[in-house]
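All remarks here apply to the structure that follows.
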Amino acid sequence: MTQMHSTQPMSIGIVIVAAGRGERAGSPEEGPKQYRAIGGRPVIAHTLEKFVTWPQTTKIVIVIHRDDEKLLRSAQETIVDSSGVEIAFGGTTRQQSVLAGVRQLEKTGVSHVMIHDAVRPFFDHDLLDRVAAALAAGAPAVLPAMPVTDTLKRADTDALVTETVPRAGLYAAQTPQSFRLADILAAHEKAAADNKTDFTDDAAIAEWAGLPVTLVAGSADNVKLTIKRDIAMADEKLSAGLLPDVRTGNGYDVHQLEPGDGVTLCGVFIPHDQTLKGHSDADVALHALTDALLATCGAGDIGDHFPPSDPQWRGAPSRIFIEHAARIVRDHGGTIMNADVSLIAEAPKVGPHREAMRAKLSEFLGISLERCSVKATTNEQIGFVGRREGIAAIATATVVYRGGRP
């Protein structure tokens with residue numbers, strides 16, 4: 001690796017290239033690979049966080065597709081502070097996207113730029129320090145790279161090997177590829193003006209423009225996530241070190257009894273000489289469990305989602321509420337592991353209907369019967385429950401969420 005020396009002061013800006021669509025990484029429905037989750041967060045969040053927390057970062061520009069701004073903002077929410085990050089919109093090729101990012105970064109006045117693939121999340125600050133040291137020593141272009149270790153073959157159009165390529169002196173290029181900003185901007189502008197669009201990385205443009213490119217040691221971990229299996233393996237790697245994110249939510253509800261023909265508990269109608277008074281069907285058990293589920297992801301309570309002042313919920317079956325809460329949990333990345341309901345009532349007797357209630361909970365929540373529990377007790381004729389003026393319910397939900405981050 002070449003060593004160069006200079007005392008030129010510098011400031012480093014970052015261009016993260018994230019405008020690609022990632023056709024090789026799965027179906028379009030799965031979204032661009034830079035926004036797929038690994039270890040509970042989008043790929044780009046891991047990449048961005050490394051630069052945000054690197055002490056030498058002066059400014060960051062992320063180049064994205066115009067359709068992805070909402071995805072990026074969502075990813076940024078998982079990072080402690082990325083408020084100073086700017087967005088540029090990319091073109092139809094990586095080369096066009098890099099040019100857009102470097103043009104925007106130039107306005108900030110930084111002297112040097114690191115250009116990095118968003119889908120290389122496993123670099124570290126040591127790598128950035130090595131690149132920065134080479135820039136500080138006066139190198140106009142710096143390329144982190146790893147010596148090629150695999151045997152290389154050249155083949156003809158019929159897939160027949162024509163030769164074994166000597167690997168001595170061959171390196172696999174990585175990012176961030178880093179430059180004096182004015183030099184690489186001029187090189188990109190000239191390439192665009194000359195309609196030269198066949199470059200596979202920024203170092204190749206620098207070479208074409210006559211800039212000497214200095215190699216520094218890359219990192220074996222600094223792999224590019226290209227295909228679907230890469231993303232799955234990255235997720236396995238990061239998830240292995242995460243604590244399980246197990247959350248417990250509690251809910252409580254009570255409804256008054258009045259003369260009637262029966263009560264609905266856990267979605268099961270039980271004939272009785274009283275009924276529960278409420279805006280909906282007054283299923284006190286499902287109301288308590290709805291609150292318990294919402295509590296596991298900080299999503300408020302049943303009144304926030306279904307206000308009793310709204311006439312559309314008058315007489316509504318409470319399965320609407322519990323299924324809505326279960327969807328919210330799943331949208332937040334949660335898996336419902338257990339639902340437990342304790343009913344407190346003098347009458348009617350719950351025991352004969354317990355299994356039907358458990359079956360309803362299993363149906364509403366989409367979980368197995370063994371994960372659903374219904375219990376009942378009296379209040380020993382004490383208080384409003386003991387006087388048969390109402391029924392109370394206490395519910396607990398256990399949910400496991402992806403990620404394990406506090």
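Every residue gets a Cβ built from N, Cα and C, even glycine.
What you are looking at is a predicted structure, and each value in this text was computed from that prediction instead of being measured.
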Record says Asp253, His255 bind divalent metal cation. Source is Swiss-Prot. Which of His279, His287, His305 does it list for that same site?
His287
Out of Ser280, Thr377, Thr378, Asn379, give me whichever of these recorded positions has the highest number of other Cβ atoms within 10 Å.
Ser280
Intrachain C-beta neighbours of His287 (divalent metal cation binding site), sequence separation six or more, cut-off 8 angstroms
Gly251, Asp253, His255, Ile302, Ser318, Phe321, Ala393
Measuring Cα to Cα, tell me the gap between Lys224 (site 'Positions MEP for the nucleophilic attack') and Ser280 (4-CDP-2-C-methyl-D-erythritol 2-phosphate binding site) in whole angstrom.
53
In sequence order, which same-chain residues at least six apart have a C-beta under 8 angstroms from Arg167 (site 'Positions MEP for the nucleophilic attack')?
Pro147, Val148, Thr149, Asp150, Thr151, Leu152
Position of peak Cβ density within 10 Å, selected from the recorded positions Lys33, His255:
Lys33
